[in-house]
Amino acid sequence: MERWSINESAKIYNLPNWGADLFSINKKGNVCVHPSPTSKHSIDLRALVDDLIKRKIKPPILLRFMDVLQGRIASINRVFKNAIDENDYPATYQTFYPIKVNQQRQVVEAIAKFGKRYNIGLEVGSKPELVIGISFATGNGIPIICNGYKDTEYIETVLYATKIGYDITIVVEKMFELEKIIALSKKTGIKPKLGIRVKLSSKGTGKWATSGGEDAKFGLRMSEIIAAIGLLEQNDLLDRVKLLHFHIGSQITKIDKIKSALIEGTRIYAEMRKLGVGIRYVDIGGGLGVDYDGSKSSYFSSVNYSIEEYANDVIYQIKNICEDAGVECPNIISESGRATAAHYSVLVTNLLNTNTSNAMPDFEETLNGTEKLAPTVKKLVDIYKSIDRYSLREDYHDTVQLIQEAVSLFNLGYLTLNERAMAEWLHGKILRKINGIVEKIKPIPEELQNFQLSLRQTYFANFSLFQSIPDSWAIDQLFPIVPIQRLNQKPDVMASIADITCDSDGEITSFVGENGRTKYLPLHKMRKDEDYFVGFFLIGAYQEILGDMHNLFGDTNAVHVTFNKKTGYKIDTVIHGDATWESLKYVQYKGPEILKHVRDTLEKDVALRKVTIEESSHFLELLDRTLLGYTYLGE
C-alpha cells in the first residue's frame with residue numbers, strides 16, 4: 001500500500017482552510033469535531049456514527065453539535081467586543097439571530113439559551129416566526145425585531161405585545177406599511193417601537209447581490225424617508241423611531257462592498273439624527289459570510305475577509321462617519337445567522353454502491369491475441385501496450401478518436417456488442433494508465449488537465465440532495481464533503497456523489513478541493529461488508545428549512561450532541577426522521593386508508609384464488625412495515 005498521511009488527506013479536502021479549527025483528522029484516519037477552535041477535546045465522527053447505528057438510529061443522520069453553535073455565538077460577540085475596545089467605541093454591540101436561517105425549535109431554543117449572556121435577540125420575518133419569537137421572549141425578556149411584509153393581524157399582534165411589555169421593534173419596509181401601522185396605533189392607542197429600513201444604492205456580491213441596490217425588494221428610498229419622517233411627526237410617533245436598518249444581501253464575498261454599505265448607511269443615520277429622529281440602534285443586517293471552500297477569495301462560496309476584519313471595519317467605519325458628522329455613535333446590531341449556524345451541523349450518510357460493477361467482463365485475453373480483433377479494437381490494444389510519458393498527448397487524442405469511432409461503427413452494424421464492450425474496457429484501461437503517469441508529471445500538460453473526468457465514478461449516497469442540501473442543487477453552492485474514515489489511506493477513486501432520488505439533477509459534480517473548486521471527490525474503493533460514510537459539512541444555515549420532499553424522502557434522523565470530558569460525548573436529543581406514513585400525510589394520503597383498500601382488494605383475490613392467504617398476509621405485512629419505516633434505504 002502506498003504511504004499516505006492524514007496531513008495529505010487534510011490537504012486534498014482543504015479541511016484546514018474551511019474547517020475554522022473545528023474539524024480535524026485523528027491518527028485512526030477519522031474526522032473529528034471540536035467544541036471550539038482552541039479545544040483539545042474532540043468527538044470521533046466515525047465512532048459516533050457507529051454508536052448511533054447500534055442504538056438503531058440509521059443513516060442518513062443529521063448531527064447537530066450544540067457546543068459548536070455556542071462557540072460561534074461566543075466568537076462573533078468576542079470579536080465585536082475586541083473591536084469596540086480597540087477603537088474606543090462609545091456604544092454597544094448586539095447579535096440578533098434571524099429565525100429563518102433555521103427555525104427548528106431545538107436550534108432556536110439553544111441559541112436563546114446560549115445567547116442569554118450576550119443579550120442575543122431574535123429577528124422574525126413572518127407571522128409564524130413572530131409566534132416563535134414571542135414564545136421564546138415570554139419570561140426571558142429576549143428582544144425581537146420584526147421584518148418582512150406585515151398585514152393587520154401581524155401589526156396588531158406586535159402592538160399588543162408592546163403593550164404587554166415585550167421588547168419588540170417593528171421595522172417599516174414600505175410606505176403603505178407605515179400608513180397601516182399609524183392607523184392601527186391610533187385605533188388601539190398603543191405606540192409601537194419603530195425601525196425604518198433604508199434602500200441603499202450599495203449592493204452586495206454573489207448570489208444575493210439583488211438584496212441591495214435601487215431595485216431591492218425591501219426598504220425606503222431617500223425621498224420616502226423624508227416623507228416618512230413628516231408623516232410620523234404629524235402623528236406624534238417620530239420619537240418612537242429607535243432603529244435604522246439596512247441589508248445588502250447574504251454571504252457578501254467582498255469586504256469592500258461591506259465598507260461601502262456601512263459608509264452609506266451610517267451617513268443616512270447621521271442625517272436622520274440631524275433631522276431630529278432619535279435613532280439609538282443601527283441594524284447592519286446580515287451578510288457576514290462563510291468560507292465554504294476555504295479559498296479566502298471573493299468567489300461566491302468563499303469570503304475574502306475574516307470575522308475579525310469584518311468586526312473591525314463595522315466599528316471603525318460607523319465611528320469614523322459619526323465623528324465626522326458630529327452625531328452620537330449608535331448601538332450596533334447585526335443579523336449574522338449564516339455565520340452563527342453553518343458550522344454546527346453535519347450530515348453523515350453511507351455510500352451504497354457505484355456505477356461500476358465487479359461483474360464486468362474481463363477482456364485481458366485481448367491484450368495477447370489480436371489477430372481476430374476488429375481494427376479499431378486492435379489499435380486500442382496497441383496504444384495500451386506502448387503508451388509512456390513521451391507519447392501521452394498523442395495517445396490520449398488517438399484513444400478519444402478511436403472510442404468515438406467504435407461507437408459509430410457499432411451503430412452502423414460493423415462492430416458486435418462484444419467488440420464495443422472490448423473497446424470500452426480498453427478505453428478505461430488506457431485512461432487509468434495515463435492517469436498513473438500524469439500524477440507523476442509536473443506540470444500536467446494542458447490538454448490532459450481535464451481528462452480525469454473520464455475516470456470519474458458515480459458513488460450513490462443514501463440521502464436526498466433536495467431534502468438535505470438543496471442549495472447545492474438550486475444555486476450551485478459548494479459544501480465541503482469528506483469521507484469520515486480511512487483518511488490515513490490514499491484515496492484511489494475520483495468520484496461524483498449521486499443521491500437516491502429518481503432525478504438526474506440529484507448529483508453533485510463540483511467539490512471543495514486543494515486548489516479551490518474541483519470536478520471530482522477523492523474517495524476510497526468500497527470494501528465488501530464494510531460501511532463507508534461521507535460527511536456533508538457547514539450545512540447548518542438554511543438547508544434544513546429549505547429542503548423539499550422530492551420523491552417523498554422526508555426529514556432525516558437528527559441527533560443533538562454535546563461534548564463530555566468523561567465519556568467523550570453526550571446525546572441530548574434524538575429526533576426521528578419521517579416514516580413513510582408521515583411523508584405520505586404531507587401529500588394528503590392516509591396510511592390506514594391505503595392498507596384498508598389493499599386489504600379489501602386482496603380478500604377478493606383470495607376468494608377468487610388469485611393469491612393464497614399466506615401471500616396476501618405477507619404482502620400486507622411488508623406494506624405495513626414500509627409505512628412505519630424510514631423513508632431512506634436500509635440494508
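The backbone N, Cα and C atoms fix where each Cβ goes, and this holds for glycine too.
Summarising the annotation, Swiss-Prot assigns substrate binding site to VAL282, ASP283, ILE284, GLY285, GLY286, GLY287, LEU288, GLY289, VAL290, ASP291, TYR292. According to DSSP, VAL282 (substrate binding site) sits within a strand segment. In sequence order, LEU243, LEU244, HIS245, GLY265, THR266, TYR269, ILE318, PRO330, ASN331, ILE332, ILE333 constitute the residues six or more apart from VAL282 (substrate binding site) in its chain with CB-CB distances below 8 Å.
Classification of LYS100 (N6-(pyridoxal phosphate)lysine) by DSSP places it within a helix. Using a 10 Å radius centred on the Cβ of LYS100 (N6-(pyridoxal phosphate)lysine) and all shown protein chains, the other Cβ atoms total 20. Marked as N6-(pyridoxal phosphate)lysine by Swiss-Prot on the basis of sequence analysis: LYS100.
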In the chain carrying VAL290 (substrate binding site), residues 6 or more apart in sequence that have Cβ under 8 angstroms from it: GLN251, VAL303, ARG338, ALA339, ALA342, HIS343, LEU538, ALA541
Cβ neighbour count (within 10 Å, all chains shown) around TYR292 (substrate binding site): 23
Count of other CB atoms lying within 10 Å of the CB belonging to GLY286 (substrate binding site): 27
Around the Cβ of ILE284 (substrate binding site), the count of other Cβ atoms that are within 10 Å: 24
ILE284 (substrate binding site) versus LYS100 (N6-(pyridoxal phosphate)lysine) - Cα distance in angstrom: 17
Listed in sequence order, residues with CB under 8 A of LEU288 (substrate binding site) and six or more positions away: ILE76, ILE252, ILE307, TYR310, SER334, SER336, ARG338, ALA339
